[in-house]
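Chemist: Sharing a structure, written as structure tokens. Questions coming.
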Amino acid sequence: MLTSKGQGFLHGGLCLWLCVFTPFFKGCVGCATEERLFHKLFSHYNQFIRPVENVSDPVTVHFEVAITQLANVDEVNQIMETNLWLRHIWNDYKLRWDPMEYDGIETLRVPADKIWKPDIVLYNNAVGDFQVEGKTKALLKYNGMITWTPPAIFKSSCPMDITFFPFDHQNCSLKFGSWTYDKAEIDLLIIGSKVDMNDFWENSEWEIIDASGYKHDIKYNCCEEIYTDITYSFYIRRLPMFYTINLIIPCLFISFLTVLVFYLPSDCGEKVTLCISVLLSLTVFLLVITETIPSTSLVVPLVGEYLLFTMIFVTLSIVVTVFVLNIHYRTPTTHTMPRWVKTVFLKLLPQVLLMRWPLDKTRGTGSDAVPRGLARRPAKGKLASHGEPRHLKECFHCHKSNELATSKRRLSHQPLQWVVENSEHSPEVEDVINSVQFIAENMKSHNETKEVEDDWKYVAMVVDRVFLWVFIIVCVFGTAGLFLQPLLGNTGKS
């Protein structure tokens, strides 16, 4: 016989054994019940037969799409890649049971390939499988309601209009429907009116503005039956910050650098160099961003139009700069300034542009800059004079001091020309007078030439100023006109 101490030890061990293994037995009983239920439901079940009591009755399938990720939008190939969860809900009368008979089991998770499923496919699929794989399990309730939510990655066809790239909006649709069953056999009903976006991960390039669903009953040319489909329209907008910072703003800077060419003085000799440098920088920039812009020949994107506009802008600036430099370096020996050029570019336009001559000088023929009284010497040794230069008087006072001293008062009232012609003087004095006359004529010719050259330079400056304002206006209004198109286009569509 066991002692009281031994009986207590045996009783404690029995309690510990019951506490440890009782849940295990309950689990085994539960597993056996679930296995018995599964065997009862699928022992004579045929997954290829529609779950209807009458063959004329349709299977009502409730359908909903939940998007988790907008993976990619390929503008070139016109493909939208999405990560979706497709929720199917229908009733199968052959998969019902009484929970009281199976230890209160109300739900059962069964492999999807064991049950009948509606063959819902994506009609406008571009790449990959049209139908989702049945590797996931379905949730089966005791009243026969089945909920099947398989995940799928679809690459759907989407006609895209990139006219306003990178400020474009796209409208891509996903069309789901039964591939073999018509409306008389499967009636699709949409759950809600929009795509479920509770688990959506934001995309760094695209924003989903709206995602609405619609049900359509369509009769195709191939068949007499009516087929039901559910179409979800995704209205997406491109986020333009990346393209604005890396594409548009550099182009704007290049355009305004082109405007500065016309503010650069022509005498510095670097106007064409600056134009060529801007053109080369734009060319290199275009080569870098070629991979960024969608390559399509259907339409010209907005950013492509702007790059083309900038290229034409820079090219025209080179042409205008060459023309301005040609005007700037003209001389009286090569070109004669027409009267209309003087009127327009020396009088009219400077007043309009609020320009004035850098030096306050009198406009004339240049004769005021030459000492009067000096002309070409006659052939007989007499001097022809048009004035009374003071240095000639001093010369005659030096060499004919005796004669002029006695008649100083009389000569002061007589013309210098008469004095020179009726006075006798030495050959040295004639050489000095001829030299002074030659220097004066050269000064006069140089001043006249310099004045004409200054006129041409001023005309070039006026032309530069005109094109400076023209290019500023074209640059501002051209840029505004191009980038206001998306706003006006979207307003018109709305």
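Including glycine, each Cβ sits where the backbone N, Cα and C put it.
Pasting the relevant annotations from Swiss-Prot:
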type	residues	note
SIGNAL	1-25	signal peptide
TOPO_DOM	26-239	topological domain 'Extracellular'
CARBOHYD	Asn54	N-linked glycosylation site
DISULFID	Cys158-Cys172	disulfide bond
CARBOHYD	Asn171	N-linked glycosylation site
DISULFID	Cys222-Cys223	disulfide bond
TRANSMEM	240-264	transmembrane segment
TRANSMEM	272-290	transmembrane segment
TRANSMEM	306-327	transmembrane segment
TOPO_DOM	328-465	topological domain 'Cytoplasmic'
MOD_RES	Ser401	phosphoserine
TRANSMEM	466-484	transmembrane segment
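On this model, are these features tucked inside or out on the surface, and what's nearby?
Modeler: The DSSP secondary structure for Asn54 (N-linked glycosylation site) is coil.
Counting every protein chain shown, the number of other Cβ atoms lying within 10 Å of the Cβ of Cys172 (disulfide bond) is 22.
In three-state terms derived from DSSP, Asn171 (N-linked glycosylation site) belongs to an extended strand segment.
Under DSSP, Cys222 (disulfide bond) is assigned to coil, being neither helix nor strand in the three-state scheme. In the shown protein chains, 7 other C-beta atoms lie within 10 A of the C-beta of Cys222 (disulfide bond).
Distant neighbours of the transmembrane segment (240-264): 165-167, 205, 270-271, 274-275, 278, 281-282, 285, 289, 292, 303, 306-307, 310, 313-314, 317, 320-321, 324, 464-465, 467-468, 471-472, 475, 479, 483; these residues of the same chain sit at least 6 beyond its ends, with a Cβ under 8 Å from one of its Cβ atoms.
If you look at the transmembrane segment (272-290), the same-chain residues 6 or more away from its ends with a CB under 8 A from one of its CBs are 246-247, 250-251, 254, 257-258, 260-261, 264, 307, 310-311, 314-315, 317-318, 321-322, 325.
If you look at the transmembrane segment (306-327), the same-chain residues 6 or more away from its ends with a CB under 8 A from one of its CBs are 248, 251, 254-255, 258, 261-262, 266, 271-272, 275-276, 278-279, 282, 286, 300, 456, 459-460, 463-464, 467, 471, 474-475, 478-479, 482-483.
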Chemist: State the non-local partners of the transmembrane segment (466-484) in its own chain: residues 6+ outside its ends, Cβ under 8 Å from one of its Cβ atoms.
Modeler: 167, 248, 252, 255-256, 258-259, 262-263, 302, 305-306, 309, 313, 317, 320, 324, 349, 353
Chemist: Can you name the recorded positions among Asn54, Asn171, Cys222, Cys223 whose CA is within 10 A of the CA of Cys158 (disulfide bond)?
Modeler: Asn171
Chemist: Have a look at the disulfide-bonded residues (Cys158, Cys223) and report the one with the fewest Cβ neighbours inside 10 Å.
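Modeler: Sparsest of the disulfide-bonded residues Cys158, Cys223 by Cβ contacts within 10 Å: Cys223.
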Chemist: Check the glycosylation sites Asn54, Asn171 for other C-beta atoms within 10 angstroms of each C-beta and report the one with the most.
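Modeler: Of Asn54, Asn171, the one with the most crowded Cβ is Asn171.
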Chemist: Could you tell me the C-alpha distance between Asn171 (N-linked glycosylation site) and Cys222 (disulfide bond) in angstrom, no decimals?
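Modeler: Just about 28 Å between their Cα atoms.
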Chemist: At the level of the C-alpha atoms, what whole-angstrom distance separates Cys222 (disulfide bond) and Cys172 (disulfide bond)?
Modeler: 26
